[in-house]
Amino acid sequence: MRAADSRSVKPAWILAVVASSSFLATFNETFLNVALTPIMGDFSLDAATGQWVTTAYMLVAAVVVPLTGFLYRSIATRRLVLISLGLLLVGSLVGVIAPTFPILVAARVIQAIGTGMVVPIGMNLTLAVAPPHKLGIYMGIVSAMTTLGPAFGPIVAGGIMSLTSWHGLFAVFAVMIVLVIILSLVAVKDIAELTKPRLDAASVILASVGLIGLMYGSSILFKGQALLGAVIAVVGIIVIAAFLVRQRRCAHPLLNLAPLMTTGFNLGVLLVVIALMTVFSLNMILPVFMQSALGFTPMVAALTLLPPCLVSCVLAPVAGKIFDKFGVRIMVPVGMFVVFASMVVLSRLDETATSAMVIACYAPAIAGCAMVVGPSQSHALSRLTPDLYPHGTTIVGTAFQLAGCFGSALFMGVYSLAEQNSRATALVAAADGFHAATLVACGVTFVGFLVALGMAREAGKRRVGDHHDEPAAHHSAAESATPRIHSEATAQTVMQKEVFSVDSTASAYDALTLMARKRTSGMPVIGDNDTLVGFVTDGALLRALSGEGQDAINMAYVYALWAQEKDLSGQIERLKDIPVMDVAFRRPVSVDADASLQDVCEALSDRHVKKVPVLDNGRLVGVINRTELLRTMVPVV
């Protein structure tokens, strides 16, 4: 794993890329919906066949998400971002010229691969560059774009369709993607430290089959194929269970399950699922209700949803800023209660409702979601150690896809069943369907409110004399990830496999910024073929800053520099001219992978040694530190 040159990484530019690409990825999920009717007419298709334009897209995007964590740790960041956006562009260009329906579906599949990569990559980039005290606002901005994309899709598509054919939709989307690619070429650098994990083919197959079965079965459950849908969904659940079992036993798991052992992470992800189920589904059933029961045109229905979505877009970063200052203990329960109360009010709408009434009822619901989604996501991911970020974002990204699928299937299914069973006129029947769907939403969001109270209680327990739920969480994730050991354990049994290291050709400045970003006190220096050539510590960097020989003197000196910010900035800039090997220990203490636990303890017994690299034939394969070793040993005792 090589350190990126952090001098050229600009968080604001990275955020612009993540926000714009997240907007386009979610925009792409809905913008073709208004073109389904003309597509079916052009290719002489029935509704069931035409629906594969969206079904294939949904399934492929969901399957790609679990692979993204592996890709993020295997491919240089800049190249990976460009690949994901390039797939969206290629799919769009194929869609522009698609002469047959199979080619159109192929275009959507190519786009779906890109979409499945974009959102998890964006979350990883946000975690990598966001200052710790601004994580909430960064996630809030990305969350706002994720919410705004699906809302704008039908509006923009409706306007384009009034001027040209559905081929034009792909052309306009291609132009937007090109603009984001240009921005990415300027802004994105190689940020992620690559660990080059091995890909377990069986895990990929199990994850793909399980997700496809679960999502496809759920999608047809309420479409006159209840038995078939239930069977397929159950098979999907069984296969996913097999996937989870394999991840616990496999030497090279596709997904590290350690995040799922962290209570705060689980509660945060569950809240994200509940909130997104609600908002995604309302974006589907409200237009149907407005067109069927209220007589609105598709464009008027889409424009009615726009003001509430804009409210969400404005409120999400504000909610993130509040999270950065106060955490989730008050805002998330309040936000979830607002969503629940809004569902109760929405359930009272009937065929006499006006556009203003819909806006007045829906705006608080989506505002409440803005108070829940971004902060809950930030809270969940802040509970993890940096080495678990790719796995955590993979789980969150998969949850996004499942929320959209389950929410759509559940609420639209209830809407359709209630409408079909109503004996009233068509307008009243549509209102009855909407009433039934929103009553179910009331139940779901009330459960969400209870979960929010639980998360607030959990966050309060972890609070350590500060207003922000800072990562006491980092400890809990590490604890859950630490394996139990036995008397014959070796260094390889207890080592941390994902190691932050710096290349021997890097500067002391690179080492300093990487250590600050990863919150570590020291890291190995590696040469060719991942061989260990040194070890750099925070103390060595402090000595380089001050030019003194005692750490105590250094800290006083650094404080004096900090009090004069300009001087400190100049000293830090000076580190750019100092090779990291000039400040690193050239003969660091290390242990072999097959070393006994006694050997490891002896290596760490020196008061100056807090962390030891683990080597396999001279190559760096892991690291062991005192704290994690003790956390591993104490449960055994």
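Note: Cβ is positioned from N, Cα and C throughout, glycine not excepted.
Annotated transmembrane segment per TrEMBL: 12-32 (among others), in sequence order.
For 14-460, the entry in TrEMBL reads domain 'Major facilitator superfamily (MFS) profile'. Each residue in the domain 'Major facilitator superfamily (MFS) profile' (14-460) has a pLDDT score, and their mean in this model is 84.
TrEMBL lists 52-73 (among others) with the feature transmembrane segment.
TrEMBL lists 80-103 (among others) with the feature transmembrane segment.
Taken from TrEMBL, the feature transmembrane segment covers 109-130 (among others). Sequence-distant contacts of the transmembrane segment (109-130) (same chain, at least 6 residues past either end, Cβ-Cβ under 8 Å): 9, 11, 14-15, 17-19, 21-22, 24-26, 28-29, 56-65, 67-69, 71-72, 77, 80-81, 83-88, 90-92, 94-95, 138-139, 142, 146, 188, 191-192, 377, 381, 386, 389-390, 393-394, 396-397, 400-401, 517.
Sequence annotations record features per position, and here TrEMBL assigns transmembrane segment to 137-160 (among others). Among residues of the same chain six or more beyond the transmembrane segment (137-160), those with a C-beta under 8 A of the stretch's C-beta atoms are 11, 15, 18-20, 22-35, 119, 122-123, 126, 129-130, 168-169, 172, 279-280, 283, 287, 298-299, 302-303, 305-306, 309-310, 312-321, 323-324, 366, 369-370, 373-375, 377-378, 381, 400.
Under the heading transmembrane segment, TrEMBL lists 166-187 (among others).
Sequence-distant contacts of the transmembrane segment (265-290), counting only residues of its own chain at least 6 positions beyond either end whose CB sits under 8 Å from a CB of the stretch, comprise 30, 147, 150-151, 154, 259, 296, 298, 300-302, 304-305, 328, 332, 336, 339, 343, 346, 349, 355, 358, 362, 365-366, 369, 372-373, 376-377, 379-381, 383-384, 392, 395-396, 399-400, 402-404, 406-408, 410-412, 415, 430-431, 433-434, 437, 441, 444-445, 447-448, 451-452, 454-455, 458, 477. According to TrEMBL, the transmembrane segment annotation covers 265-290 (among others).
If you look at the transmembrane segment (296-319), the same-chain residues 6 or more away from its ends with a CB under 8 A from one of its CBs are 34, 136-137, 140-141, 143-145, 147-148, 151-152, 154-155, 158-159, 283, 286-287, 290, 331, 335, 355, 358-359, 362-363, 365-367, 369-371, 373-375. TrEMBL lists 296-319 (among others) with the feature transmembrane segment.
For 326-346 (among others), the entry in TrEMBL reads transmembrane segment. With a cut-off of 8 Å between Cβ atoms, the residues of this chain six or more beyond the transmembrane segment (326-346) that come close are 268, 271, 274-275, 278, 282, 319, 361-362, 364-365, 367-372, 375-376, 379, 438, 441-442, 445-446, 448-449, 451-453, 455-456, 459-460, 463, 467-469.
The feature transmembrane segment is assigned by TrEMBL to 352-373 (among others).
Annotation source TrEMBL lists transmembrane segment at 394-414 (among others).
Residues or ranges marked as transmembrane segment by TrEMBL: 434-453 (among others). Tertiary neighbourhood of the transmembrane segment (434-453): same-chain residues 267, 270-271, 274-275, 277-278, 281-282, 285, 288-289, 293, 332-333, 335-337, 339-340, 343-344, 346-347, 349-350, 372, 410-412, 414-415, 417-418, selected by CB-CB distance under 8 Å and a gap of 6+ residues from either end.
Taken from TrEMBL, the feature compositional bias 'Basic and acidic residues' applies to 462-477.
Annotation comment: TrEMBL describes 462-485 as region 'Disordered'.
Marked as domain 'CBS' by TrEMBL: 495-552 (among others).
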**Study point:** Intrachain residues whose Cβ lies under 8 Å of the transmembrane segment (52-73), provided they are six or more past its termini
**Key:** 29, 32-33, 36, 39, 80, 104-105, 108-109, 111-113, 115-117, 119-121, 124, 192, 194-197, 199, 204, 207-208, 211-212, 215-216, 219, 254-255, 390-391, 393-394, 397-398, 400-402, 404-405, 498
Point to revise | the domain 'CBS' (495-552) - residue tally per DSSP class, helix then strand then coil | key: 25 helix, 16 strand, 17 coil
